[in-house]
Amino acid sequence: MESAKRKRRRSPGVRPLRERLPAPLLNVQPVNGTFKPEASEEEEVSSRPRRPRYSLLSEIGRGSYGVVYEAVARKSGARVAVKKIRCDAPENVELALSEFWALTSLRRRHPNIVRFEECVLQRNGLAQKMSHGNKSSQLYLRLVETSLKGERILGYTEEACYLWFVMEFCEGGDLNQYVLSRRPDPATNKSFMLQLTSAIAFLHKNQIVHRDLKPDNILITERSGAPVLKVADFGLSKVCAGLASRGKESSGGGSNENKTVNVNKYWLSSACGSDFYMAPEVWEGHYTAKADIFALGIIIWAMIERITFVDAETKKELLGTYIKQGSEIVPVGEALLENPKMELHIPQKRRTSMSEGIRQLLKDMLAANPQDRPDAFELETRMDQVTCAA
């Protein structure tokens, strides 16, 4: 385990939950340490008060552009996760819309993709349920315009606008927490490898490139008895359906959603993601969906060998492989960009038990040249073969 010298953006100080709860959509009052719902606006734009469908319980996470709460659906009693995003800055709007477009573009559900329930747009005490490509909603169109123009157009700060994402609640935490709090288990590793490759194949089949795969964005639920992985956080994802295969990356909804594109031939240019999971070509800002394969290779390699580093900013221990250069640790992708011929030592630890099939597959997933990596569909087939043989 090494200490990362790279710094991440610091999250603002956490204020008491009561100070951060909105009045309109999920209005609550503290009662004996819990939060009891009061009144709420109707989900469609209306001034007629109505009881809220969700009651917030507590904050469970805070990211770069939103806060996530554990909540309860009043009607069914089911626990859900509710992400609150303030749309007062263009970058927040862009991330929120990227996540919304990705999750709503999926025609079917997948057991290893976090389940999306609904998205509600709230402003000035009114709430409106969001729908994909809703051209009849002026506020939705203004959000899209904010994202495209990169400038604030939704009014003054006091006219707060929020997007609320309601998704399934994953009680097992993220992959970091789950793996590092348990003893190594080859059977669990194999199961997770199969689940992850299945999820990415599903996303790529649906023309979605995640672009921020990392253990923090892989959640766990054990409601069925066995641990089930859920790929989450689509704020940096790209929906490539209907886009020219070698065209420039663009923002927008699904105006050409009936067309399809091979995600491995659609070139992206925004260098985004988390350093230790980024492919070499992402650092250069010219990449395809093969970047997701590289990130997955880093995650699986680190999971099998329990390779971790400590984030210098958060002091959190994270799963991730790296290259040591003197006293510093360097992301594998960055090191391969500097030296594409560098050989990766897999496994890294002498005592690691790893089959030749898995070792070779990881090397292929982490190839410096993206053309030498398997695509998500070949990866799914090969992963099934090597895990059965191991």
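Just so it is clear, glycine is given a Cβ too, placed from its N, Cα and C backbone atoms.
Pulled from TrEMBL, these are the features on record:
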- LYS84: ATP binding site (BINDING)
- 1-12: compositional bias 'Basic residues' (COMPBIAS)
- 54-386: domain 'Protein kinase' (DOMAIN)
- 1-51: region 'Disordered' (REGION)
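DSSP classifies LYS84 (ATP binding site) as strand under the three-state reduction.
Looking at the domain 'Protein kinase' (54-386) alone, the prediction's average pLDDT is 87.
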